[in-house]
């Protein structure tokens with residue numbers, strides 16, 4: 001819990017530090033987002049699928065383990 005609080009405080013300082021130097025909030029937020037992430041790229045990724053997405057993959061059973069206790073494989 002102490003670590004989580006410390007991380008939150010450091011994130012708040014990291015985000016608000018440029019504001020104390022005369023920066024605008026919009027510039028600070030834009031600095032947190034990578035340059036290659038644009039609204040056009042996000043929309044394109046939502047509407048267009050890669051060719052590998054259309055390939056039907058065989059269903060592979062997934063084993064779910066609880067506390068390192070796994071069911072036997074079939």
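Glycine residues also receive a Cβ, built from the backbone N, Cα and C atoms like all the rest.
Per Swiss-Prot, the features are as follows:
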DISULFID  65-70  disulfide bond
MOD_RES   67  D-tryptophan
MOD_RES   71  4-hydroxyproline
MOD_RES   72  4-hydroxyproline
MOD_RES   74  4-hydroxyproline
SIGNAL    1-22  signal peptide
Cα separation, residue 65 (disulfide bond) to residue 72 (4-hydroxyproline) (Å, whole number): 10
Among 71, 72, the one of these modified residues whose Cβ has the fewest neighbouring Cβ atoms within 10 Å: 72
